[in-house]
Amino acid sequence: MSVNPVGGLLDSLHVLFYISSIFGVVPYSLWAFAKRSVIQLSLLGNVWVVCSLVVYTGLYHVAITNYLNDDWGSQKTLTNAIGIFIIYMEPLMMAVDMVAGIINQKRFAQCFDRIARLDGHLAGEGILINNDRMRRYTIVLLLLMLIFELYITVYSFVEFELEFTAWSLIWFITTIPTALNSVCRIWNVTLVAAIRQRFNAMNAHMNAIAHGILNYKDQFVGEADADITEIPLDYLEKEIFTVYTQRRKQLAAASPPKKTNPNISTATKVIAVKPYQPKQAVRYGPAQEFLPTDLRIRPRLEQRLDNKLILICRTHDELCEIGKVVNRMYSVQMLVAMAHGFVAITAEFYFLYCSLTQQEVPMLFQSAEVFLLALTYIAYTALKCIVPIFVCWRTKTDSQRTGIEMHYLANVVDECHCYEVVNHLSLKLLNHQLNFSACGFFDLDMTTLYAITGAITSYLIILIQFNLAAIQKSNSNSTVVSNVTTTAMTIVEDVVTTALTTFVSN
């Protein structure tokens, strides 16, 4: 067994880790975590996960069979197939999450180890990470999960259970697969959100340095540089002009001074010096270490900012690598979750429509008969797809902001050397981008969410059209049968009337 010491982020996830360990979601030593707050690989933890998976799946099957009784074959074959697929997709997702947790247990521990090392490097540069935010984040998600699970399970039990016995309480077992699947989604969201938090911390730090330098320049009381201030320049033009003028000044300083003719008298140049008027001290934040204390001195950062920019670039690369590892750990689970969410939401909406139009609803989709319960189930299923997609998309966009903030800082510093360093580092950032996908089938961003929403709407409209066509066909068949019955009754009445008339006349 190997011990991976972690700190910071994992310390803020105690509640989530305890719940995951007790219910068999993560295969680590609960004792080692409780004593030393470390992730320790454990053979007993792996056995506990496998046993939990077998027990939960068996109890789920017993609960579903007890609930449905003999109603399996009372509906159409296609309806039964869709219902069974949706019902047993929940333990299947739970199994995928648990097996993936066993396979990726070393990667999972290494992610926390690498994040802890990055936090140490960032703290050395004055970039502090508030991991208490992740604690509040996970607690809120766990509370939402608990509220949704209890509401759906208790409401369904009270609404549809005919006999309240001790054995009927087995229905509450059906909430375990969906709850554990939600816990795995919370782990995924937490890791991605932690990566995003570090991107935002670096971006905010560079932005604070830039604003500190701008505040210093606003209070600068020395002589201004006429070559730059007299010419209005945009961002790119300013960079090119600064590099050109500073190199020209360097060449002029390196060239030997011209000899003057002593016969030519030179007039003394009088320089008007403005008296120094000290201004109120302003706090420049993290930029203070790069700025002079005297406002009459023009700030020249030169190479003093290089180490910080290089560290930010390296940290950005490391965070991108951690993000890729997290994506590999959870890509299969996200693919299965998106497939289940698409089918479940479409079916629930369709049978909710059937319930609202007073049509028969299959036993497998009985929750659609209660409007509020159906909407809660749809919202819960949708949130388990929307929240990971949203967090992945925001993390991707925030990682792309690092280059923007770095160029903004270079524009504020406005020095030739800083432009050269930033241009070199920005190429590395451009070639090392972060992206999240579901096994490469689709990216986890808002475009995918838009496409899935459109697909659900399209399929729902198609199903409703088929339903309306079936109703019209049924009504037409009923009309034909009614006409045939009326004709037959008329013929029978005529025959009986004729026979009676003949009998009476005889």
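Cβ coordinates come from backbone N, Cα and C, glycine included.
TrEMBL lists 15-34, 41-62, 82-104, 137-158, 170-195, 334-353, 373-393, 449-468 with the feature transmembrane segment.
Counting residues 6+ beyond its ends, the transmembrane segment (137-158) has Cβ neighbours under 8 Å at 12-13, 15-16, 19, 168, 171-172, 174-175, 178-179, 182-183, 186, 189-190, 193, 367, 370, 372-373, 376-377, 379-380, 383, 387 in the same chain.
The recorded stretches the transmembrane segment (82-104) and the transmembrane segment (334-353) share 3+ CB pairs below 8 A when only pairs 6 or more apart in sequence are counted, and are therefore in contact. When each of 41-62, 334-353, 373-393 is scored by its Cβ pairs under 8 Å to the transmembrane segment (449-468), the top-ranked stretch turns out to be 334-353. Same-chain residues lying 6 or more positions outside the transmembrane segment (373-393) and placing a CB less than 8 Å from one of its CB atoms are 141, 144, 148, 151-152, 155-156, 159, 181-182, 185, 188-189, 192-193, 196, 334, 337-338, 340-341, 344-345, 348-349, 351-352, 355, 367, 436, 444-446, 448-449, 452.
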